[in-house]
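**Q** Sharing a structure here in structure tokens format.
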Amino acid sequence: MAEGGGCRERPDAETQKSELGALMRTTLQRGAQWYLIDSRWFKQWKKYVGFGSWDMYNVGEHNLFPGPIDNSGLFSDPESQTLKEHLIDELDYVLVPTEAWNKLLNWYGCVEGQQPIVRKVVEHGLFVKHCKVEVYLLELKLCENSDPTNVLSCHFSKADTIATIEKEMRKLFNIPAEREARLWNKYMSNTYEQLSKLDNTVQDAGLYLGQVLVIEPQNEDGTWPRQTLQSKSSTAPSRNFTTSPKSSASPYSSVSDSLIANGDSTSTCGMHSSGVSRGGSGFSASYNCQEPPSSHIQPGLCGLGNLGNTCFMNSALQCLSNTAPLTDYFLKDEYEAEINRDNPLGMKGEIAEAYAELIKQMWSGRDAHVAPRMFKTQVGRFAPQFSGYQQQDSQELLAFLLDGLHEDLNRVKKKPYLELKDANGRPDVVVAKEAWENHRLRNDSVIVDTFHGLFKSTLVCPECAKVSVTFDPFCYLTLPLPLKKDRVMEVFLVPADPHCRPTQYRVTVPLMGAVSDLCEALSRLSGIAAENMVVADVYNHRFHKIFQMDEGLNHIMPRDDIFVYEVCSTSVDGSECVTLPVYFRERKSRPSSTSSASALYGQPLLLSVPKHKLTLESLYQAVCDRISRYVKQPLPDEFGSSPLEPGACNGSRNSCEGEDEEEMEHQEEGKEQLSETEGSGEDEPGSDPSETTQKKIKGQPCPKRLFTFSLVNSYGTADINSLAADGKLLKLNSRSTLAMDWDSETRSLYYDEQESEAYEKHVSMLQPQKKKKTTVALRDCIELFTTMETLGEHDPWYCPNCKKHQQATKKSDLWSLPKILVVHLKRFSYNRYWRDKLDTVVEFPIRGLNMSEFVCNLSARPYVYDLIAVSNHYGAMGVGHYTAYAKNKLNGKWYYFDDSNVSLASEDQIVTKAAYVLFYQRRDDEFYKTPSLSSSGSSDGGTRPSSSQQGLGDDEACSMDTN
């Protein structure tokens, strides 16, 4: 399955398109196998057969032939074929079902040595089942009980069973099948769970990335090395979630120990409280800590272990944990009387219970950090998007959690049907009150009490001037950031002068500009005319894409390797030139397989040559001149004649006689047939690359050439024809692609690898980038949010007067604000081609945030807020790391939460470009009646920061201008 190539029979383009099109509509089924294909290869195949394209003019052209399936771009390590991290579906790879893969493999083959990337379909969700392909397998750490230092890594699907893991561990640690053994799930440093239900899947068991599993073989006398531990676990109460209220104890025994000697254990922290048996998934929900209990741990200063890319969850949880009204509600067990198990929109109270258990553990004062493993598993059951171990968005997790807690704790048991009324010119106060009361009739929970506010939206029809006013509840405020107007790109300029190295430039271009803008910017720095530039994306030693001048720069991703080539439209004598893509290929000695016998290397060329006066000899000379900086020419006496001797044939070492051939026509004219190497760029088994030509030639001596030419497809993976060696003119155009074929010996002798990769750095790369204003005030973001806008053509409003959709004007305003105001800074922006994160520093006040001026309800109460928490994101979109700053409600001090680590923080650390979600608490009358934070009697004797540290007096409400 892994290899392919050779001369292959394949149906015509229309048949391929039809057969694959039907298969690509296959629905995901649990347990089915799907295959990953590099999206670049797949896009090339789509061009070749005209898949999903209205332009059928170039369908079937040989230069578009994709060659064998090549997934090398998906691997971080070509040898182990380990997938790169953070690959994105459709952008980096496409998924095809088994039958589609088999057809493509049969038609095109696969690059030599590459194994298929096959993955299983797994199912997520408790009520609504959701299937997805598990692209990244779960890495587990495996060890044997008697030697815990010998840890081996293995990858498993979440659909694999515990029995599958046991079988693999027996093989790894040489444990016979007839010998009894037990599996233990080890987390933190001293907590073990027995995995006794072998038919459970990895997903059912809640195993996570990097989880340590221990296999314990039975002693010869029938006892178990950990027997004492098991005995203790059978008497210790544990918090278990079981599948029904009447279920028996979980099959997973939870054990805590810190010292194991001769089968004995010393129990340390393993805190267990009364059991919770309502709902659940059949595993222990204990949150056991690493350190022994300590009376010196400040409640709330509890870190959360990273279970594998779960920092986004930890960040959101720390912010919510330090939201005093919500945390007090759970610590006082007020939630127990309000759990709504019958709400069809809820999760039977299980999310509320899981969250309550975690909050109680975090505020117990006994644990320095806990592993929120069971909480994450519960979340993943109801929200499949969070079930894996890929990086997610802390704000999206926060939105799900607030909504889930609300529905689990909704005091409304039966939601009434309400008919919405139009404002019809009624006063805003009346319409807003009606909207809020209607909202509370269906939604009444601690989340609504604490987090919900009211928007006012005004829409005006541009045609009939109809005004529509609505009031809608919100749980968090998403604020846009002023968009960057430009972007910085780093590109390589390849000059036409063959003696000059490529130069790397850093240029500033319009964010939504065109390729021509890039060329103009580069022209200003280099002095080369923009019209003489061609911009290309180089990938795996080939041109992935050659851009047109009017194409948008949003098609170019930040990670693309962009080369800009200086080309000529006319030659020195004024004749018309054509620019040809030229690849370096090494012909390798063929193994017995039928896979490709050549490999691309080096940086490809864009070569300008005469369009109407080109012979093989002049082409060879032009290429030799172009690569003379890093390719030395053989001396005449090395081969007995000059390498440029007139009449030399294409690549022959022996005597030859040029055959009479017709002038070569370009492949699109249909006069050439594919050579026998069409499918993979191969020769007949056992042949020398040059022998193909030698079969046709006899007679006069012919010198050695450094390389031979082949006309190839645009990927350089399939030969179309050899070039005529009879001295006649070549007919090539801009759609032609050439390959220089080298043998290994010649390449090692004459090709300077180091010099070929060498480049210069322009001063623009050496100078520090000019820092434009990178800060905005929070008030600027709010003003942008409340600015009137015109709806886009794809997002129109239906006007009831005009009876049609209109691009109305829309204005959003704030009508009422909640006790806890959650502000989401919209840092991430993306479209089909472009993904970006705005690293703008948003200046937000730590205290005294006065929102009153932005509330359009003139009779509203004062809205003054103090910051209590911040969720931070470091890095780029889809990757990076999440942390949190939060203010402890007991001692008034700020702390930095970085997964399991908690450290004291100062206020001047909080406002950074990483701030992503802000939590503000409203100043209410009752807020000031509480005991002062400095006298809270905290264990560390913390005091509230002084006004000099704060920059503002405690009671001084500032406007949002922080300058």
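Glycine is no exception: its Cβ is also placed from the backbone N, Cα and C atoms.
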**Q** Quick one: which of 263-268, 683-688, 767-772 does Swiss-Prot have down as motif 'Nuclear localization signal'?
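**A** Motif 'Nuclear localization signal', as annotated by Swiss-Prot, spans 767-772.
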**Q** Ten-angstrom check, please: count other Cβ atoms within 10 Å of the Cβ of Cys802 (Zn(2+) binding site), all chains counted.
**A** 13
**Q** Validating a neighbour-count step here. Other CB atoms within 10 A of the CB of Cys799 (Zn(2+) binding site): how many?
**A** 20
**Q** Looking at the binding-site residues Cys461, Cys464, which sits with the largest number of other Cβ atoms within 10 Å of its Cβ?
**A** Cys461
**Q** Sorted by position, what residues of the same chain at least six away from His881 (active site, proton acceptor) have a C-beta under 8 A from it?
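**A** The answer is Cys311, His873, Tyr874, Gly875.
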**Q** If you take the centroid of the Cβ atoms of Cys461, Cys464, Cys799, Cys802, the listed Zn(2+) site, which other residues of that chain have their Cβ within 8 Å of it?
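**A** Leaving out the recorded residues gives Pro462, Glu463, Ala465, Lys466, Pro800, Asn801, Lys804, Gln806, Ala808.
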